[in-house]
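Enquirer: According to TrEMBL, the record shows the following:
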ACT_SITE  B:E159  active site, proton donor/acceptor
BINDING   B:H21, B:E24, B:H98  Zn(2+) binding site
DOMAIN    B:11-187  domain 'Succinylglutamate desuccinylase/Aspartoacylase catalytic'
DOMAIN    B:200-281  domain 'AstE/AspA barrel-sandwich hybrid'
There are 2 protein chains.
Amino acid sequence: MCSRPEPREPLRHVAVIGGTHGNEMSGVYLAQYWLQAPGELQRPSFSAVPVLANPAATAACRRYVDCDLNRAFTSAFLTARVHPDDPYEAFDFVLDLHNTTASMGTCLIAESAHNIFAMHLCRHKLQSPELPCQVFLYQLPGEESYSVNSMAKSGLGLELGPQPQGVLWADLLVRMRALVATALDFIQLFNQGTAFPAFEMEAYRKVSSVDFPRTEAGDLAGNVHPQLQDQDFEPLRPGAPIFRMFSGKDMLYEGESTVYPVFINEAAYYEKDIAFLQTEKLMFSVPALPMLAP
Amino acid sequence: MCSRPEPREPLRHVAVIGGTHGNEMSGVYLAQYWLQAPGELQRPSFSAVPVLANPAATAACRRYVDCDLNRAFTSAFLTARVHPDDPYEAFDFVLDLHNTTASMGTCLIAESAHNIFAMHLCRHKLQSPELPCQVFLYQLPGEESYSVNSMAKSGLGLELGPQPQGVLWADLLVRMRALVATALDFIQLFNQGTAFPAFEMEAYRKVSSVDFPRTEAGDLAGNVHPQLQDQDFEPLRPGAPIFRMFSGKDMLYEGESTVYPVFINEAAYYEKDIAFLQTEKLMFSVPALPMLAP
């Protein structure tokens, strides 16, 4: 994975995608609303396009119908596409709106720290005191990109939680809407010729996943420990409890180093055999984003 | 609807049902566990039978596959059953375990106040200071019973929330388990010849349901108002806000009298066009439950 080059021209083609997972309601209903009232997504230098990504799954209020859209965009899938005019390809930048049942607060998801434009966007205002957020980097070293964002030249996932699947909560809707507005404002600043200096950044990078304890038949044998529930982005130290067995016994974290769990007890991950993801906390330098040539 | 006669004989055939809705996980996993370790459901005078009600829906982690099991047990369905040996018919009492995404806390659900045995069970310990709970009566006057419990001579639903669909939270599992244990202890006391005196009781009875605001196309046009979210069982007074439109405008409650909303923003009710149920708060007398004849 090499760094994405920073954009050399204004970003004119921007999409805001809801419903990549049809039961994550903040994005589903915002996209539906913006399709009727697109004015909110207009800026002087561009108009972002609202997209309802997965109408069949949205209608059924399920994550997906046949396969998980956020796991489908490998290069094999992309090159096999039968719709060469797929609109995703045309976008310079994509905001992909998600919810999680985990206590992730406001989380910005990028493939890696090499996406310099996305890192500057994370930094800009999104990390203001009024709207605190964390940055999660999902790509393992050497791993191929597979999310919806890989269809755009650059992109960022907005992951807000906790919110149950199939439910729309007022506070998360307001927060999602404010995040999208701030992101569009940043793109407008870039388009009109603002330069952004280099900075140091903190983020959480995926290391591995941990499955639930299971019976020999594969059924759950315990649940996420109450001391781990809702502790997303907090340090998990060796010896701390991670599961409580239905029999009453506790299971402890046996790793040798401190990790930072995220997506703790996410509903959609039960079928993927994931109770939580382990991340490491990184500090790294992000180079400056130069001003566009006039 | 006439009163159910109180039992004249010990209750020997008791079922504890999880998975009536396959994505309400406290009951699903407790039933799965008890099927392997049934000792927890034994009492001196009886052994309760764990039942996983809807294995196909449970496997798919969905509320139901073809139709909603908790809405299917009308008398037309029951008399049309092709399995005359259906085990539900044989039970003297059924505990039906549910979760909701609404902030219902610990809620006990019965068809009506005429189910005297269930009312005594609600009263007994379940309303102790250590485990506060509310009682919800779902049957409208003249309405036919349609839940799983109508298949047993008597029964009670345990509705714990908030918990997202498809997720198992430690604290709700512990609470559900304690409620089931307390209910079985009550049945044991009754079976061994304890009498229970008459008492005054408070409960919430369903009056009607309220749909979300919608566009002409039927899509949502707003969400549950932040001032109503999580206010289950609290008084809703005329003029209070109930929805916030995506356009920013508030919708107010225009009823003439105070009601008590429940199941506010329950995920499973979106497809039923229900944003919340309106209830009235009742006080009523429950007659004594006499001692069994030796």
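Just so it is clear, glycine is given a Cβ too, placed from its N, Cα and C backbone atoms.
TrEMBL annotations: computationally assigned, not manually curated.
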Enquirer: Through the lens of DSSP with three states only, how would you label B:E24 (Zn(2+) binding site)?
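Expert: Coil, per DSSP.
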Enquirer: Among all protein chains shown, how many Cβ atoms are found within 10 Å of the Cβ of B:H21 (Zn(2+) binding site), not counting that one?
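Expert: Its Cβ has 26 other Cβ atoms within 10 Å.
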Enquirer: Mean pLDDT across the domain 'AstE/AspA barrel-sandwich hybrid' (B:200-281), rounded to an integer, is what?
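Expert: For the domain 'AstE/AspA barrel-sandwich hybrid' (B:200-281), the model's average pLDDT rounds to 97.
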Enquirer: At the Cα level, what's the spacing in Å between B:H98 (Zn(2+) binding site) and B:E159 (active site, proton donor/acceptor), rounded?
Expert: 5
Enquirer: Drop a 10 Å sphere on every Cβ of the recorded positions B:E24, B:E159 and tell me which sphere holds the fewest other Cβ atoms.
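Expert: If we count Cβ atoms within 10 Å for the recorded positions B:E24, B:E159, the smallest count is at B:E159.
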Enquirer: Per DSSP, what is the residue tally for the domain 'AstE/AspA barrel-sandwich hybrid' (B:200-281) in helix, strand and coil?
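Expert: Breakdown, helix to coil: 6 helix, 35 strand, 41 coil.
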Enquirer: B:E24 (Zn(2+) binding site) to B:E159 (active site, proton donor/acceptor): how many Å between their Cα atoms?
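Expert: About 10 Å separates the two Cα atoms.
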Enquirer: Please report the Cα separation of B:E159 (active site, proton donor/acceptor) and B:H21 (Zn(2+) binding site) in Å, rounded to an integer.
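Expert: About 12 Å separates the two Cα atoms.
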